Amino acid sequence: MDSRRRPSKPLLTSSGEVLHRKQASPVTDEDQIHRSPKASDALPLPLYLTNAVFFTLFFSVAYYLLHRWRDKIRNSTPLHVVTLSEIAAIVSLIASFIYLLGFFGIDFVQSFIARASHEAWDLDDATPDFLVDDSGCPPPCPIVRTPNLDRQVLATLSSEEDEEIINSVVQGKVPSYSLESKIGDCKRAAAIRREALQRTTRRSLQGLPLEGFDYESILGQCCEMPVGYVQIPVGIAGPLMLDGFEYSVPMATTEGCLIASTNRGCKAIHLSGGASSVLLRDGMTRAPVVRFSSAKRASELKFFLEDPENFDTLSMVFNRSSRFARLQGIQCAIAGKNVYVRFTCSTGDAMGMNMVSKGVQNVLDFLQTDFHDMDVIGISGNFCSDKKPAAVNWIEGRGKSVVCEAVINEEVVKKVLKTNIDALVELNMLKNLAGSAIAGALGGFNAHASNIVSAIFIATGQDPAQNIESSHCITMMEAINNGKDLHVSVTMPSIEVGTVGGGTQLASQSACLNLLGVKGSNKDSPGANSRLLATIVAGSVLAGELSLMSAIAAGQLVKSHMKYNRSSKDMSKVAC
């Protein structure tokens, strides 16, 4: 058995004082009388005699049964025919075996448990120890505990070992970001980091949930240094009738009236026969920036990349990055001696930023063969353009480019939307078109497309930051059939969504994708699930635009928000 022990360390109080351990004193007869009872005291014989009896019984009955087994084989007697004495011997053998296994087996298992607990502290001798320093010096600053401690964290952190790690994190001896790798338990690491943060900041995190989340699922993928998770309510709008199918659309939001308004738009579309959608483009982009010694040399690269005869070779090099990546086009822009190369490729059911970046890196490495003087400044030169409002996305598109339209009956406009067609058409022209132009909007020719896009993105595990370009939308309204019907459409050139990777693998977001029927990758037609999700986003935006514009035209916007978007709590009583 491994008998190594951790060195004794001085215990510290919360104020940094050292608590000295008492030295062991000899055991007297009085101590033996008042000692705690042991489990072996319940045996009728002393422990060593009990062990001797069972050892003797085990080997004697084993010898007897083996002798009887040999006699039966010689006499051709069936082995299953047993006498009363043989039955007693079998029972004695089993009983003695169980006793010996229980007595010696527990000690054997405990030896491995003790060894594992000791070796866990010896994994990396080069890193700072979790234990408090032997010097007994007080920490550089006193640890002040907040009176309002988080009860759920205290319930999780119950061992002295956790307390030692917390003190090490607070004192800066152990980096907070390394807790997962050192401890090996993501939930425990989050609880320790959370408690250390509360002690450092002297602020309570009570109200931020810790329990009920799989912290293993976000390790190395979604979030670093977690201390909990934020709860956002998820509501359902719909059913949305789109391309002949009904969809219940999950929306995660804290804005009252948003889901109710979108739901009203879905109802108006459903009563009018549904909406239809068209996918115009499907291609993610990445644009590195490279530099040459002269503008002439930079133009040579531009001509080489845009030459159709070179596309097949470049495509073959690019597509090595993934079995789903397929290069669609290359667009170059020059600024002096710098070249911005915008690659566009399909990415299957993934949103595709990592996939296209790997393909771009393959092409850059390939180009170094013929362009030795090419200096790669960055894998992204903002000509992509990611997470920023940009004209290139508005004009050329990025991700999925979708158009969604519907024809709303005049009766539905009056009864459900509580307005009329002429008022909607006029408001759309003056607000969404002329008003946005006066404001100098870039892709913002709509009422509130980003509201719906953000809510669906959060619910389905998309990148919320890509709401910027994904919300590019122009809303059009026109009276048709002699003014009896309303034609409404939304054109969204850069919806960036995926159904695999990133936050889509989290349990809650995965459930919302499953509700829409687009969970995971489509095995039969790669990319079909992400394309369907993009059309659902556009259809939901269409419903939201229709309802909000109707509320504004009817003068109901302020009234509805006062009813659904105001808290009834007295905010003056909420503690800071």
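Each Cβ is built from the backbone N, Cα and C atoms, and glycine gets one as well.
According to Swiss-Prot, the feature region 'Disordered' maps to 1-35.
Summarising the annotation, Swiss-Prot assigns transmembrane segment to 42-62 (among others).
Summarising the annotation, Swiss-Prot assigns transmembrane segment to 89-109 (among others).
For GLU255 (among others), the entry in Swiss-Prot reads active site, charge relay system, with the evidence type similarity to another entry. Packing around GLU255 (active site, charge relay system) is summarised by its Cβ count: 15 other Cβ atoms lie within 10 angstroms of its Cβ, all protein chains included.
Secondary structure at ASN319 (N-linked glycosylation site), as computed by DSSP, is helix. Within its own chain, ASN319 (N-linked glycosylation site) has ALA325, ARG326, LEU327, GLY359 as residues 6 or more apart in sequence whose C-beta sits under 8 angstroms from its own. Per Swiss-Prot, the feature N-linked glycosylation site maps to ASN319 (among others); the stated evidence is sequence analysis.
The C-beta environment of LYS387 (active site, charge relay system), restricted to residues of the same chain at least 6 apart in sequence and closer than 8 Å, consists of ALA465, GLN466, ILE468, GLU469. Reduced to three states, the DSSP call for LYS387 (active site, charge relay system) is coil. The annotation active site, charge relay system is assigned in Swiss-Prot to LYS387 (among others) on the grounds of similarity to another entry.
Annotation comment: Swiss-Prot describes ASP463 (among others) as active site, charge relay system. The Cβ of ASP463 (active site, charge relay system) has 17 other Cβ atoms within 10 Å, all protein chains considered. ASP463 (active site, charge relay system) falls within neither a helix nor a strand when secondary structure is assigned with DSSP, and so counts as coil.
Here the transmembrane segment (532-552) has long-range neighbours at 237, 240, 242-243, 247, 249, 251, 258, 261-266, 268-269, 275, 277, 279, 399-400, 402-406, 408, 413, 417-419, 424, 427-428, 431-432, 446-449, 451-453, 456, 460, 470, 473, 475, 477, 488-490, 492, 495, 497, 499, 513, 516-518, 560, meaning same-chain residues at least 6 beyond its ends whose C-beta is under 8 angstroms from one of its own. Summarising the annotation, Swiss-Prot assigns transmembrane segment to 532-552 (among others).
According to Swiss-Prot, the feature active site, proton donor maps to HIS561, an assignment based on sequence analysis.
Per Swiss-Prot, the feature N-linked glycosylation site maps to ASN565 (among others).
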Between the Cα atoms of ASP463 (active site, charge relay system) and GLU255 (active site, charge relay system), what distance do you get, rounded to the nearest Å?
19
